[in-house]
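*Asks:* I'd like to ask some things about the structure below.
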Amino acid sequence: MGSLNLQVNLGGLTMKNPVTTASGTFGFGLEFAPFIDLSRLGAIVVKGTTLEPREGNPTPRMAETPAGMLNAIGLQNPGVEAFIRDYLPPLRQIDTPVIVNVSGNSVEDYGRLASILDEADGVAALEVNISCPNVKEGGIQFGTLPASAAAVTRAVRENTQKPVIVKLSPNVTDITEMARAVVDAGADALALINTLLGMDIDICTRRPVLANIFGGLSGPAIKPVALRMIYQVYRAVHVPILGMGGIMNSQDAIAFMLAGATAIAVGTANFTNPRATMDILEGIEEYCCREGVRDVNELIGAAHSHLTG
């Protein structure tokens, strides 16, 4: 068999292969340098960045579940200026695009972040986390109302020339409605799914396990939900999808691509296996060779081929 093409295009961002990392599970990337060759990744998605430094939520803020984990980190980060000053320079030395995940308390916050990062050398694209509370609207998450999600997307789009990837929340009634809203507002690509809202209770203390009470559920438990939503969104809009949500191995990653994902992000698996991204990349290569696939793009949306219309 001839050479295999692994290159994909995620909304204007060229990736050497479809494997990247889920924000918040890979630090700023450099933490994993002792375990893997970061230059082999298709992209590095760094942890959520805000305008000002954030200490995050009180502890405990992580808990293991039977098929995944709960987290309520609270977007702990040093702030965008410190990120650009301290963390971005070493990332520039790696031959891998850097995607910065951004979060805000208001539409204006998102616009300012986009403007600041647009001028930062070494930032390849922005991933917009809309699963944040809108302080001006009583704390309702931007990602649960189409109009709010569109407003955030528009603010980012108007302040950057870089590819804009909007990360959708699964905690909605109709994921396709949200997808259409942000695509119409200027999103170049979509990332889904973010974590599902969950909780756990310690029966000995009779109290919630997390200090924040509720947290984001990730890991294998949410894979069927993520696959279903990616499948639906692929049929609803015509922009690339960055798929995530319970990807633990190459079989999972391939299933996400068959459902419609152009690229995939590895999250919770990084905590249990620091080499998960490399194992998944190698597994995708082996699958393609075994199945006679010459171009990984052939996999994207292939699970829809039996349908018409």
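Any Cβ shown, glycine's included, is placed from N, Cα and C.
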*Asks:* Of the candidates Ile193, Ile300, which one does Swiss-Prot list alongside Ser23, Lys47, Gly48, Asn101, Asn129, Lys167, Gly219, Gly245, Gly246, Gly267, Thr268 as binding FMN?
*Replies:* Ile193
*Asks:* Can you name the recorded positions among Lys47, Ala72, Gly74, Cys132, Thr195 whose CA is within 10 A of the CA of Gly245 (FMN binding site)?
*Replies:* Thr195
*Asks:* Roughly how many Å separate the Cα of Gly74 (substrate binding site) from that of Gly48 (FMN binding site), to the nearest whole number?
*Replies:* 10
